[in-house]
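Feature annotations, reproduced from Swiss-Prot:
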type: ACT_SITE; residues: His89; note: active site, proton donor
type: BINDING; residues: Trp27, Ala59, Ile60, Glu61, Val81, Val82, Ile83, Asn114; note: 5-amino-6-(D-ribitylamino)uracil binding site
type: BINDING; residues: Glu86, Thr87, Arg128; note: (2S)-2-hydroxy-3-oxobutyl phosphate binding site
Amino acid sequence: MSGGAGIPDVPAFDASGVRLAIVASTWHTKICDALLAGARNTAADSGIDNPTVVRVLGAIEIPVVAQELTRNHDAVVALGVVIRGETPHFDYVCDVVTQGLTRVSLDSSTPVANGVLTTNSEEQALNRAGLPTSDEDKGAQATAAALTTALTLRELRAES
């Protein structure tokens with residue numbers, strides 16, 4: 001289910017001191033480019049003008065690149081799209097990417113926001129890509145999640 005139901009309002013925040021990286025796949029270029037644009041816009045609105053951006057071919061490559069990026073960044077955003085086809089490949093890819101990103105985040109204690117769309121159709125992906133005709137912008141949402149989590153972790157670590 002999607003369409004904007006339940007999406008929290010995220011107040012403006014200053015993340016200007018956060019080192020942000022974005023890794024985005026290139027399959028389904030129109031969708032991935034739109035996700036990346038939304039991520040860049042949210043970063044800029046939060047005080048980050050030049051996040052590190054790395055493009056990879058497909059979704060399966062995202063976790064290992066995200067892992068490397070956590071070494072020198074405070075937050076990482078993963079962007080891509082996997083659209084269900086006629087074979088079980090969709091399920092395998094989605095599972096590997098989701099588990100990989102979660103493991104990277106937990107192992108590195110660095111927020112890695114999962115903005116990899118997993119949809120049943122191209123139409124669903126387009127509707128979440130942040131295009132003018134889209135209901136949602138998952139690139140922007142993932143970036144806000146990564147940055148606000150990085151700020152929360154910074155506060156928690158300062159208290160210890």
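Just so you know, the numbers here start at 1 and follow the chain as drawn.
In case you wondered, yes, glycine gets a Cβ from its N, Cα and C as well.
Here the features listed in Swiss-Prot are painted onto the structure.
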| residue | record | Cβ contacts under 8 Å, 6 or more apart |
| --- | --- | --- |
| Trp27 | 5-amino-6-(D-ribitylamino)uracil binding site | Leu57, Gly58, Ala59, Gly80, Val81 |
| Ile60 | 5-amino-6-(D-ribitylamino)uracil binding site | Val93, Val96, Val97 |
| Glu61 | 5-amino-6-(D-ribitylamino)uracil binding site | Ser25 |
| Val82 | 5-amino-6-(D-ribitylamino)uracil binding site | Ala59, Phe90, Val93, Cys94, Val97, Val116, Leu117, Thr118, Thr119 |
| Ile83 | 5-amino-6-(D-ribitylamino)uracil binding site | His28, Phe90, Thr119, Asn120, Ser121, Glu122, Ala125 |
| Glu86 | (2S)-2-hydroxy-3-oxobutyl phosphate binding site | none |
| Thr87 | (2S)-2-hydroxy-3-oxobutyl phosphate binding site | none |
| His89 | active site, proton donor | none |
| Asn114 | 5-amino-6-(D-ribitylamino)uracil binding site | Ala78, Val97, Thr98, Leu101, Thr102, Ala142 |
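Under the DSSP three-state reduction, Trp27 (5-amino-6-(D-ribitylamino)uracil binding site) is assigned to coil, being neither helix nor strand.
Counting every protein chain shown, 24 other Cβ atoms lie within 10 Å of the Cβ of Arg128 ((2S)-2-hydroxy-3-oxobutyl phosphate binding site). As a whole number, the greatest separation of Cα atoms within the 5-amino-6-(D-ribitylamino)uracil-binding residue list Trp27, Ala59, Ile60, Glu61, Val81, Val82, Ile83, Asn114 is 16 Å.
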